[in-house]
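Structure first, then comments.
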Amino acid sequence: MDKENSSMVTEFIFMGITQDPQMEIIFFVVFLIVYLVNVVGNIGMIILITTDTQLHTPMYFFLCNLSFVDLGYSSAIAPRMLADFLTNHKVISFSSCATQFAFFVGFVDAECYVLAAMAYGRFVAICRPLHYSTFMSKQVCLALMLGSYLAGLVSLVAHTTLTFSLSYCGSNIINHFFCEIPPLLALSCSDTYISEILLFSLCGFIEFSTILIIFISYTFILVAIIRMRSAEGRLKAFSTCGSHLTGITLFYGTVMFMYLRPTSSYSLDQDKWASVFYTVIIPMLNPLIYSLRNKDVKAAFKKLIGKKSQ
């Protein structure tokens, strides 16, 4: 039967990560632990930063927002994924699919700009330390974060409109574990050429603009570090930037692999595991990446634990 002659889709069925019932139980346990670590880590980071006055600085303000967006986009995906591991009826309505998609896209794209703002903050701290209080004032920090969330909102509306204005009238089986752009485009019975161009252009703009900010910031930072006479100063600068560079590499590497390529090169199995990595694993890793070697966060944690034990 031609797709055009089929009835319109009102719900989708996820194939999930695996069809093996035993593996589903194993994956449920593993990803439940990962998600709980994610939730505890990111909420813990938010609580530490908001309650400890020593962490009321631009760098930790941005880190608090990073934890929030990490928690946001992982929570748009993980609870549903965990529930689907325990059932054979992996059905999601068209409207619920659009809602899941919208929240996921909004938080992920906001994270791109939060990471760019963090790079700018490090640039000012290392390259313009005498002007730090001016360039990174409370008003500037708030404006940067509001701009990040506004960019996420605009992207949310654009992506959701472009993706869900397409016709879905043939198979309703999504070979994935959540509603994501590539499998939805592959499923549509519309001509997706224009939508693909617009969607990938928007993704490309978000990626390019934020990576450009990060690249320029770290180019100036690298030059400043090379010019430092003190080995201790260079070590401190590298320590300040190391965790952020690790987080950027993990996040952008996976997102670029997922979205900045045509659907003709789309590999279902590869992309499922890439999606698992950046929807579940990276949000869990970020609190660890940014806190393990951070003396201020460790001190705040010990202080908080000390207060509760008294």
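Placement of Cβ uses the backbone N, Cα and C atoms for every residue, glycine included.
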In Swiss-Prot, D20 and D52 sharing a membrane side: no
Number of helical, extended and coil residues in the topological domain 'Cytoplasmic' (227-239), per DSSP: 10 helix, 0 strand, 3 coil
Beyond the flanks of the topological domain 'Extracellular' (80-100) by 6 or more, those residues with Cβ under 8 Å of it: 9-17, 24-25, 27-28, 31-32, 35, 160, 164, 168, 177-179, 280
Stretch in 29-49, 101-120, 240-260, 272-292 most in contact with the transmembrane segment (206-226), if contact is a CB pair under 8 A: 101-120
Which of C97, C189, the listed disulfide-bonded residues, has fewest other Cβ atoms within 10 Å: C189
Beyond the flanks of the transmembrane segment (140-160) by 6 or more, those residues with Cβ under 8 Å of it: 58, 61-62, 65, 69, 98, 101-103, 105-114, 117, 120, 181, 198-199, 202, 206
